[in-house]
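Record features, source TrEMBL:
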- E119, E157, H160, E244: Fe cation 1 binding site (BINDING)
- E157, E211, E244, H247: Fe cation 2 binding site (BINDING)
Amino acid sequence: MQTLTFTTSPLACMLSGGATNLRRPQPIKNKVAPSCRHQTYQSLRHDKVEVFKSLESWASEHVVSLLKPAERCWQPSEFLPEATRPDNDFMDEVRALRERTNGLPDDYFVVLVGDMVTEEALPTYQSALNSLVGVRDETGASPSPWATWIRAWTAEENRHGDLLRSYLYLSGRVDMLMIDRTVQYLIGAGMDHSKWENDPYLGFVFTSFQERATFVSHSNTARLAKEGGDPILAKICGTIAADEKRHENAYVRIIEKLLEIDPNETMVAIGKMLRGKILMPAHLMYDGRDPHLFQHFAHVAHRIGVYTPNDYTGVLESLIGRWRLEKLQGLRDNGKCEQEFVCSLPRRIKTLKAFTDKKAKEGFEGIKFNWIFNKK
Ligand SMILES: [Fe+2]
Ligand SMILES: [Fe+2]
């Protein structure tokens, strides 16, 4: 999971019926991180629990199989200066890294830091997955394929934040004290996933969109790094993007399977997730100073083309197509209603795009980021 968002666009929240889908944390008092209110928890219907029990062997074959053994996985140290080399050689590698990043603008670093901070809040995302009844890791080392996936997915994701953090540190372009403080605040604040209702149908719809959005976002930071003269950073972001794509594939397969065996409930879950006020994984991001840090970060990501309303529409179209939602048959009235809503969403977003592009530019001039030493 990780980085950016389902959407950073004010448009999607208008279409989903919310005033905004980016919760604005309130200014922090008494050094306490932002907290969530009005949370709801529901118990999952027994038949849904049974669905996931019955899918265990399918999950082993089609989901767990997408994981890579640790021996075949890349590791952060492979992309970083080799500290065991003689002093001068190591320093030459660090110097070369710094020279490569010279061509990248501060805006780029703001977005890369935001992506990294989001990745670093991984404990929160593992906790969120373990809230899902029927798939969660009941013992902490459960052999069930769902629990196996959650733990191994976490282990794969753990490399993303580690690598980006080390690279950013060595670049010397960012304020690591403010960044590390942001990570601590964010993990301490958590993430409000009450809209998942502890239901894997809803949770896996969310993660499908989230992994796709993350793939798009990291692909765009890779492209910008290449254009800015840092092919190594481009390779790093591209490598992380490839992981996100593989993870997206796993979650998309799960929803695809649920559409096959329980189409109406699954269609309702997709509609519900897209209609609801969706809170982003890092929506409680805070650095101790800026109470609107997430919105500010998301704005810059939009402005430099790392994640835009067009990207959000592309994510929607991709998943609607992959799940063949327009062709879904045999739905009951509530399922048909959600099918119509979801399938019409990309068109409605495109219609409103000019308006939201203008809105996105309002109120964000001259934002300063403590991550880059309070520069604009
Ligand atoms: Fe991911
Ligand atoms: Fe990630």
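Backbone N, Cα and C define each Cβ position, glycine as well.
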Proximal residue to H247 (Fe cation 2 binding site) among binding-site residues E119, E157, H160 (C-alpha distance): E157
Length of the line joining the Cα atoms of H160 (Fe cation 1 binding site) and E211 (Fe cation 2 binding site), in Å: 13
Alpha-carbon spacing, E244 (Fe cation 1 binding site) to E211 (Fe cation 2 binding site), which is rounded to whole Å: 6
Inter-residue Cα distance where the pair is E119 (Fe cation 1 binding site) and E211 (Fe cation 2 binding site), in Å: 12
Mapped DSSP class for E244 (Fe cation 1 binding site), helix or strand or coil: helix
Sequence-ordered binding-site residues from E119, H160, E211, E244 with Cβ under 6 Å of an atom of ligand 1: E211, E244
Lowest local Cβ density (other Cβ within 10 Å) among binding-site residues: E157, E244: E157
Fewest Cβ neighbours within 10 Å, where candidates are the binding-site residues H160, H247: H247
Cβ neighbours of E211 (Fe cation 2 binding site) where a neighbour is any other Cβ within 10 Å: 25
